[in-house]
Each structure stands twice: as C-alpha cells, then as structure tokens.
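Pulled from TrEMBL:
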- A:18-211: domain 'ABC transmembrane type-1' (DOMAIN)
- A:20-44: transmembrane segment (TRANSMEM)
- A:56-77: transmembrane segment (TRANSMEM)
- A:89-107: transmembrane segment (TRANSMEM)
- A:144-169: transmembrane segment (TRANSMEM)
- A:189-210: transmembrane segment (TRANSMEM)
Amino acid sequence: MFDWPLLQQNAPLLLGALWVTLQVSIAALVFGFVIGIVVGSLRLSPIPLLRRLGGAYIFVFRGIPLLVQLLFIYYFLPRVGLPNVSPTVAAIIGLSLAAGAYIAEIMRGGFRAIPGGQLEAAGLLGMSDAQMLMRIRVPQAVRLTLPALVNEMILLIKASSLVSVVGLADLTRTAQNLAASDYMFVQDYLMLAGFYCLINVPLAYAASLLERRLKERTA
Amino acid sequence: MTFDPSIFTDHLGDIGLGFLVTLGTWSSGVLLGLALGMLIAVAQVFGNNLMRVPLRVFIELIRSTPFLVQLFLVYYGGPSFGISLDPIPAGILGLGVYGGVYFAEIFRTGFQSVARGQLEAADCLGITRLQSIWRIQLPQMLVMILPALVNMVTVLCKETAVLSIITIPELTMVLTGIGSETFAFVETLLMLCIGYLILVELCSRLGMFLETRVGRFMSRQPR
C-alpha cells in the first residue's frame, strides 16, 4: 500500500504547497483581524444602527458555509465588473471576510473584559476614540483573547483547504492532483493529513499553553 | 445583472431533492456524531489510560485536519481498505466522525463539570456507575453543554456544503449545477446563501428555545 520512493518524490511538492496554504491563511488572519476589530467595535457601539450593522455582518458571514462564500466570490465578482481576480486574491478575500466575522465575536469578548474606568480615564486625558482603540483596547483585548485567536488560526488553516475549489494550488489541491496521477489515494491523502497536523498540532498545543498561562495570571 | 425567478420554478423538483439530501445527511451525521461522541467521552472519562491515550491521539488528529481531507480519505482511500462506500454513506460517516470528536470534547467537559461529591454520594448510596451517569450526570450536564451542542450542530449544517465536493447531490451541488447549466449564477448563489442562512437561523432559534426550556429548573424560584 505504501510506496517509499514515490513518497519521497511527492513530499517536496506538498511542502511547496504547504507554503501557499500558510501564506493564504496568514494573510486571511491579518485582514480578518482588521475586519474583526472594526466589526467587533461596531457591535459595542452606542449607536443602535451601527450595532445592528455589525450584527448583520456576523450573521451573514458566519451563517453561510465558507464553500458557498468562496463560490459566490469566484462567480459573482466577475459579474459586477471585477474580472480577472486571481485565485489567490479571491481565496484571501473569501477567507478574510469569514475570519472577520469569527474574530469580531472574539474581540467583542476581549473588549468587554476591559474595565470601563480605563476608557473614562483615557477620555479625560484627551485621547481620541481612535487612540483609545489602538493604545488601550486592542493591546489588552489581544492579550486576553490570544488562545482564541490561535484557535482561529487553526480553523483558518483547515478552512483554507476549501480554496482549492477556486483553483488555487494549495496543499489540498496539490495532493488531489498527485493522487489523480499516481492513484495512491491512501498514501497521498494520509501525507496531506500529516502536513496539516504538522502545523496544527503545535498550534493547538500553543493555544492550550497560552490558555493555562492566562488562567494562572487572572486567577 | 438581472434576476430571473423562473430559474427556481423550472428546477423546483431538483432543488427540493437537494434540500432533502442536505437535511438527511445533516441529521444522520449529527445523530452518528452524537452517538460516537458519547461513546468516546464515556470511554475517556471512565476508562483507563489504555483507552484514554489512543482516543486522545485520535481526537487531536481529527481536529487538526480539514474535514475535506477526511472526506477524501474515507471516499477515495476507503476502497484500498476494502470499504467501498457510495458518496452519501461516505459523507455521513465523514460528518459523523468529524462531529463525533467535537461532541466528545463537549460531553467530556460536561461530565467533568458535575461535582465529584455527588458521584461519591451516589457511590455510598449503592447507585451503580451506569445509573449515576444516567440519572445524576446526564440531566445536569445536558443543560450546561446545550449551547455548545447547538453550536456544533449548526457547524455541521454548514459542513454539509463540503459534501458537494465528493459528488453528493445536496443543495450546493444542485444549485451550482443549475448555475453552470443556465449561467444564472447570481440567482442560484443568492438562493443558496439565503437557504443556508434560514437553516442555520432556524437551528439556533430552536437551540435558544431548548436552552430556556431545559434550563428552567436552574432558575426556578423555590416556593
């Protein structure tokens, strides 16, 4: 069932594709983080309309399967006058929009954990809302939600396997192509699973360590 | 960009069938996942290390790999082990295993959230292990873990869209198929999005109703 020479031949190809998967996931995490801060702040805004707007964003992007969102972007963008979006860009847009909704919920929890007195004090010191967000709320919220954010990264790396449907040669698509040519389905797909574990198992371990440390510090 | 509703009336039968397949794979996947999750959780909480360690490894492996990859292994890799499944059973098995490990983690934290003293008291009273699981732990933990369970059930609803990749004719497959046949991508994709939003929303509404319903005894005022 296993063919070692073939395995040695395929492994470097998958390693290269792993890099694509990582690039797309990290880009989506960064953009999703920005979206998450904006939408998370909207959710806590004193203005009801803005709160609803944030809620609607989360409702839509968490309620629709990522695969459908990716198909939507891939088929829909050219129709509204945005032709020639490369698969990489389409994949990053799709993953970021979805990640933004999940990170918004995480950040909302983080923002709410910050004592209101700090913000009042910052206001008295003459800080603008933007300054308060960047200097007081975000740094503390990130520290509080770091385990959740690492878990979000794991989810994103797993979700990025779906970008193969918009034609990006990520880890999953590369393994599919290899399996289609050498018919070693078990070997190729087990190797594929192994590559995902290579990244995600250490990340999961890091997340649980961070969580324990956070618990010790807050306890 | 035009919107032509006749796309749906022309293909109503296919869309209805796809919807039923989505509902069917979803519900069977959830049931299989719940059963598997409960088994794994009970084995983890009450078993010895010989059971615990392999289960822990299995859970970590499933949680670290994408659902799509697991589907590929079941559907394309299965025949090498002599397990040739049709797409739909393969999809249900995949959903069940994927959901099962997450359900197992939820059940495990549920078991651990019931105070030890209650179990020791039950032990002293001569209540058997099985009885104390059934009559003491389950009723209390179910209330606590219900939100997490409902959340996972909606996650599985969304994962059924991935089943289209292994050619299961569910909602996503049917509607994108109609889209590429008639070039009515806008209509079909919008319909698809709205369909899933309704399903997910219904599921979470039902969950919220259940939460207030089963949680009544926690907040009920003593008379």
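Just so it is clear, glycine is given a Cβ too, placed from its N, Cα and C backbone atoms.
For the transmembrane segment (A:89-107), the most Cβ-contacting stretch among A:20-44, A:56-77, A:144-169, A:189-210 is A:20-44 (pairs under 8 Å). Within the chain carrying the transmembrane segment (A:189-210), a Cβ under 8 angstroms from the stretch's Cβ atoms is held by residues 7, 10-11, 14-15, 18, 22, 146-147, 150-151, 153-154, 157-158, 161, 171-172, 175, 179, all 6 or more beyond its ends.
With a threshold of 8 Å between CB atoms, the same-chain residues lying at least 6 positions outside the transmembrane segment (A:20-44) that come near it are 50-51, 53-55, 57-58, 88, 91-92, 95-108, 110-112, 133, 137-138, 149, 152-153, 156-157, 160-161, 163, 168-172, 199. If one looks beyond the transmembrane segment (A:144-169) by at least 6 residues along the same chain, the residues whose Cβ comes under 8 Å of a Cβ in the stretch are 17, 20-22, 24-25, 28-29, 32-33, 66-67, 70-71, 73-74, 87-88, 90-91, 94-95, 98-99, 102-103, 106-107, 109-110, 113, 176-177, 196, 199-200, 203-204, 206-208, 210-211, 214.
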